[in-house]
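Chemist: Residues or ranges marked as Na(+) binding site in TrEMBL: GLY45, VAL48, ASN52, SER304, LEU401, SER405. The feature compositional bias 'Low complexity' is assigned by TrEMBL to 619-636. The compositional bias 'Basic and acidic residues' annotation in TrEMBL covers 637-650. The disulfide bond annotation in TrEMBL covers CYS152-CYS161. Feature annotation from TrEMBL assigns region 'Disordered' to 616-650. Residues or ranges marked as transmembrane segment in TrEMBL: 39-57, 69-90, 111-139, 218-238, 247-267, 294-318, 330-354, 389-409, 429-446, 452-482, 513-535, 555-578.
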Amino acid sequence: MPISSSIESSSAKLSENESASQSLMGNKGRGNWGSQMEFLLATIGLTVGLGNVWRFPALAYNNGGSAFLFPYFICAVFFGLPSLYLEMLVGQYMNCGPSMLFRHYLPALQGLGWSMTLISLTVSIYYCVIIAWGFLYLYSAATGQMPKWGSCYNSWNDIYCTDEELMKECARKDPYHPIAFNGSCIAMVFKEMKTPFDQYFTNVVTKRSDGIDQIGDINWPTLTALAVMWTTVILILVKGYEYMGKVAYVTSTVPYVIIVVLFVRGITLEGASEGVYYYLGKPDFNRLLNHETWSAALVQICFSLNVGYGGIIVLASYNAQYNNCYRDAWLVIWGVLIMSVFGGVAVFATLGYLSHQLRKPIDEVVSSGLSLAFVAYPEAMSKMPYPSVWASCFFAMLFCLGISSEVAFAETICTNIYDQWPYTRKFKWFVSLCTCVILFACGVIMTTESGFFWFTVFDSYCASTSACVVIVAEVLVFIYVYGFSNIRQDAREMFGEPRDDPLSRLFEPAAPLWAFCWKFVTPAMGLIIMVFTVMRDELTVEHRSKTYTFPGWALGFGWFLSLVPLVPIPIYFVANVIEWKRHGRPLKTLFTIQPSLVSYKRIHGLADYGILPKDYESSRSSTISSSISSTSSSSIRSDRKTVESAESDR
């Protein structure tokens, strides 16, 4: 064997051992969080997002009120927590993102990692648009323009704008003609009538055309806000995950402070008790017998935690090996539940106040989806003393919730690029810039007059079916292929043996409870979500008091968004088959764990498995030198014997 080949072979073996040991000790070359708190806050920032404020309260209200909390908690504990913990566990153990993670466990399904990346990519495109809308409201409230939201005398209002003060004036003058319409008092109501807050969101913030095929002009304020949001993301990403951890101290804690302030303010308002009663005090337990209630809870917890998106694995991959991610998983789950329930009380207390002020039943002021955050809640705050202050607080909270999730989505994409092509780490600023510019360009269509309809398609289809497929597949890989016994041993390597008492054994990081959830509950629930995402009715949206039905091509595009993240799975399968054949490896090893896996030597009983000694770093260079020296000497002696043998034969 030539000397150079021997040296390369020895270095490669040493590098393989070093790679595994770095994963056990916390990958110094890749980097780690500055503290355990940074990881926890960054993960809370990813999982506690806008949906906990503008989607969950209306979802609970429409599915049995406080009765909905029961299936929501059940799904959180038996589906959300196991899925979240599993992704944290494998990400931390291997210290790599999804793009390379599955190559270590099952090369045939390496594409799963890139499927996760594409899910985060598609979600990040439209998610940033919501943040941009909230930023427009924040800017407007902070600059004293909030009174325009509730006025019918702006250039964007039409004759169907209904001013509450004018309605009261008409009712006072003539009880038989209590409806204010176009400067007159009339007796009947037109279905086209909208509040000025509704028209502000429709005609100014989203500036809608009459359909998805009528693109129209660009809404420049929205485009500018979108550019500002992506610029903010770039500035955080360029500094790396270290800076992201520092930013999380603000973006992940401020929303909880603000929601407490809004909660205290909300429950002290007149009529707040009525709103809270409708939210929590009228449980409809009959809804628990309806499968739609359970599916709604399951879908909400799945998409709230962002499992299957790759972000959890990426954030955990920057952990030191002995970080207690089991504890962190519990804390994140509680953070999500508290924000959902606590935030819902704050929102409904404020809506109860709005109901009292307008003298309308609570049913008529409760909106669903985006209208709750951008129409009903601003109207409620406009009735409070110092409305601009409360509006600024609310939309500042939305900004923090949104930007922390958006940064995590973008970091997921960038980290997968770094792990797949390590040399790109030298050009982080360029990768971050290109990633965000491309995502910004993809979102420009949502700043046009048809943008709201494009947003609806993205929101309805992104991360639906594909996320369910990925969740089920990753559980099969980690639990059925790699095996729960190996997962349990990995956990005990990181966290140590549990205390010898029944309670500790029951709830330890590798307890049989998690085996049951991972083997049966999680994949079953994932399949259930998949079925409900596939069983869709036609896509519609309320627009100008009419029901707008999306055309067939828009639904086709939606299904493209839903399924395109799965494309990397067959692509990487074929690519790895070609690679294996080119290097002469048995194809059956595509379906087995690889020597690059940290636990490979432990599983196969190899003696040199284990954590390297503390003086490893200092002795590394001498180890390489001695390896090279011994290899070189043996190679020279071998070559000399070969020459002498050839001469004697001659």
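Count begins at 1; order follows the chain as displayed.
A Cβ is built for glycine as well, from the same backbone N, Cα and C atoms used for every other residue.
Curation plays no part in TrEMBL annotations; they are all automatic predictions.
Describe the structural surroundings of these features, if you would.
Modeler: Long-range Cβ proximity for VAL48 (Na(+) binding site), meaning a same-chain Cβ under 8 A and a gap of 6 or more residues, is found for SER252, PRO255, SER304, GLY335, VAL336, MET339, LEU401.
Its own atom aside, the Cβ of CYS161 (disulfide bond) has 23 Cβ atoms within 10 angstroms in the protein chains shown.
Sequence-remote contacts of a segment are chain residues at least 6 beyond its ends whose Cβ falls under 8 Å from one of its Cβ atoms, and for the transmembrane segment (69-90) they are 43, 47, 60, 101, 105, 288, 293-294, 297-298, 300-302, 304-305, 307-308, 312-313, 316, 325-326, 328-330, 332-333, 336-337, 340-341, 471, 474-475, 478, 487, 490-491, 509, 514, 517-518, 521-522, 525-526.
Sequence-distant neighbours of the transmembrane segment (111-139) (same chain, 6+ residues past either end, Cβ-Cβ under 8 Å): 49-50, 97-103, 205-206, 221-222, 225-226, 228-230, 233, 308-311, 313, 370, 373-374, 378, 391-392, 395-396, 398-399, 402-403, 405-406, 409-410, 412-413, 416, 439-440, 442-443, 446-447, 451, 455, 458-459, 462-463, 466-467, 469-470, 473-474, 477, 561, 564-573.
Within the chain carrying the transmembrane segment (218-238), a Cβ under 8 angstroms from the stretch's Cβ atoms is held by residues 128-129, 131-133, 135-136, 139, 204-207, 244, 247, 403, 406-407, 410-411, 414, 428-429, 432-433, 435-437, 439-440, 443-444, 446-449, 451, all 6 or more beyond its ends.
Beyond the ends of the transmembrane segment (247-267), by six or more residues, the same chain brings 37-38, 41-42, 44-45, 48, 236, 273, 276, 338-339, 342-343, 345-347, 349-350, 353, 384, 390, 393-394, 396-397, 400-401, 403-404, 407 to within a C-beta distance below 8 angstroms of the stretch.
Nonlocal intrachain contacts for the transmembrane segment (294-318), taken as residues 6+ away from its ends with a CB within less than 8 angstroms of a stretch CB, comprise 30-33, 39, 42-43, 46-49, 51-52, 55-56, 59, 63, 68, 71-72, 74-76, 79-80, 83-84, 87-92, 94-98, 101, 113, 116-117, 119-120, 123, 241, 288, 325, 332-333, 336, 340, 405, 408-409, 411-412, 415-416, 463, 467-468, 470-471, 474, 525, 528-529, 532-533.
Tertiary proximity for the transmembrane segment (429-446) is limited to same-chain residues at least six positions away from its ends with a CB under 8 Å from its CB atoms, namely 121, 124-126, 128-129, 215, 218, 223, 226-227, 230, 233-234, 237-238, 410, 413-414, 417-418, 452, 454-455, 458.
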Chemist: Note down the number of other Cβ atoms within 10 Å of the Cβ of CYS152 (disulfide bond), including every protein chain shown.
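Modeler: For CYS152 (disulfide bond), the count of other Cβ atoms within 10 Å is 21.
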Chemist: Is it possible to get the count of other C-beta atoms within 10 angstroms of the C-beta of LEU401 (Na(+) binding site)?
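Modeler: LEU401 (Na(+) binding site) is surrounded by 29 other Cβ atoms within 10 Å.
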Chemist: Restricting to the same chain and to sequence separations of six or more, state which residues have a Cβ under 8 Å from that of GLY45 (Na(+) binding site).
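Modeler: Expected: ALA248, THR251, SER252, LEU401, SER404, SER405, VAL407, ALA408.
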Chemist: What else in the chain is close to the transmembrane segment (555-578), if you only count residues 6 or more beyond its ends and a Cβ gap under 8 Å?
Modeler: 103, 107-116, 118-119, 122, 457-458, 460-467, 469-470, 533, 538-539, 587, 590
Chemist: Looking only at Cβ atoms, how many others are within 10 Å of the one on SER405 (Na(+) binding site)?
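Modeler: Total other Cβ atoms inside 10 Å, all chains included: 26.
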Chemist: Counting other Cβ atoms within 10 Å, pick out the least crowded of the binding-site residues ASN52, SER304.
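Modeler: Each of the binding-site residues ASN52, SER304 was scored by Cβ atoms within 10 Å; lowest is SER304.
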Chemist: Under an 8 Å Cβ to Cβ limit, what residues of the same chain, 6 or more beyond the ends of the transmembrane segment (389-409), are close to it?
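Modeler: Contacts of the transmembrane segment (389-409) (Cβ under 8 Å, skipping residues fewer than 6 from its ends): 42, 45-50, 52-53, 120-121, 123-124, 127-128, 130-131, 134-135, 137-138, 141-142, 146, 229, 232-233, 236-237, 244, 247-248, 250-252, 254-255, 258-259, 261-262, 265, 306, 309, 311, 314-315, 373, 377-378, 381-382.
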Chemist: For Na(+), what surrounds GLY45, VAL48, ASN52, SER304, LEU401, SER405 with a Cβ no more than 8 Å from their Cβ centroid?
Modeler: ILE44, LEU46, THR47, GLY49, LEU50, GLY51, PRO255, VAL336, MET339, SER404
